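Undergrad: Sharing the feature lines straight out of TrEMBL:
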- Lys12, Tyr158, Leu159, Glu160, Tyr161, Ser162, Gly163, Gly188, Gly208, Asn209: sn-glycerol 1-phosphate binding site (BINDING)
- Asp14, Thr40: Mg(2+) binding site (BINDING)
Amino acid sequence: MYNVNEWQHVFKLDPNKEISDDHLEQICESGTDAVIVGGTDNVTLDDVLNLMAKIRRYSVPCVLEVSNLDAITPGFDFYFIPMVMNSQDKKWMMDIQHQAVKEYGDIMNWDEMLVEGYCILNEDAKAFQYTNSSLPSREDVIAYARMAEHMYQLPIFYLEYSGVYGDTELVKEVKDTLEKTCLFYGGGITTAGQAEEMKQHADVIVIGNVIYEDIKAALKTVKAAKG
């Protein structure tokens with residue numbers, strides 16, 4: 001079994017977006033630690049299955065980040081379950097997770113499931129609006145990080161800036177706050193320089209949108225993050 005705490009860099013692919021077989025091969029053979037399949041809009045089982053089947057041609061670990069219960073399927077190495085800590089709607093903290101366990105609890109391999117304490121920090125992001133989130137203060141974010149680690153004992157705390165490059169000082173503060181929980185950062189990394197800078201603070205950087213905008217720039221983030 002793979003150890004998420006040893007990861008440094010992951011790519012995130014949206015099953016609702018087109019990617020060529022050539023670009024997918026470059027992503028999977030890049031040296032990244034894992035490929036996450038996940039998105040906010042129109043995530044369907046067919047699209048998830050199609051993308052998973054293509055990624056499975058390669059040896060890279062493959063993760064499903066669950067945003068739609070109807071798109072859950074066997075065959076992934078891990079299942080990441082987001083708990084949106086700054087959502088104003090209880091369903092994103094408890095109800096969806098409860099429904100998933102209710103439906104799939106009998107067949108779940110609990111060793112493959114990791115819950116992420118999610119904090120969405122971009123008001124303009126679809127995920128922010130979709131989850132009815134409120135913009136937290138710095139103090140709020142630090143408190144969420146402490147809750148994730150000490151109250152919920154979550155393996156992952158995920159700072160999600162979703163398309164914009166985040167506040168490196170805040171990321172550093174969160175990292176300094178956490179002792180065991182792994183800090184994931186996602187949002188706005190489009191260059192090797194940004195990848196290297198953010199990796200100084202986050203345990204794992206997540207590269208997403210730039211894959212579809214500039215594949216060469218996306219691939220350069222692997223070496224930048226892993227040294």
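Cβ atoms are placed via backbone N, Cα and C, with glycine included.
Because the structure is a prediction, the values reported are computed rather than measured.
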Undergrad: Taking the Cβ of each of the binding-site residues and counting other Cβ atoms inside 10 Å, which one has the highest number: Gly163, Gly208?
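TA: Per the Cβ count, the most surrounded site is Gly208.
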Undergrad: In whole Å, note down how far the CA of Asp14 (Mg(2+) binding site) lies from the CA of Gly163 (sn-glycerol 1-phosphate binding site).
TA: 13
Undergrad: 10 Å Cβ neighbour count around Thr40 (Mg(2+) binding site)?
TA: 17
Undergrad: Whole-number Å only: compute the distance from the Cα of Tyr161 (sn-glycerol 1-phosphate binding site) to the Cα of Thr40 (Mg(2+) binding site).
TA: 14
Undergrad: Fill in the CA-CA distance, Leu159 (sn-glycerol 1-phosphate binding site) to Asp14 (Mg(2+) binding site), as an integer in Å.
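TA: Counting only the Cα atoms, the answer is 18 Å.
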Undergrad: Can you count the other CB atoms that lie within 10 A of the CB of Leu159 (sn-glycerol 1-phosphate binding site)?
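TA: Looking across every protein chain shown, the total is 27.
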Undergrad: So if I measure Cβ to Cβ from Lys12 (sn-glycerol 1-phosphate binding site) and keep only same-chain residues at least 6 apart in sequence, which ones fall under 8 Å?
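TA: Same-chain residues close to Lys12 (sn-glycerol 1-phosphate binding site) (Cβ under 8 Å, separated by 6 or more) are Val35, Ile36, Val37, Gly38, Glu65, Gly186, Val206, Ile207, Gly208.
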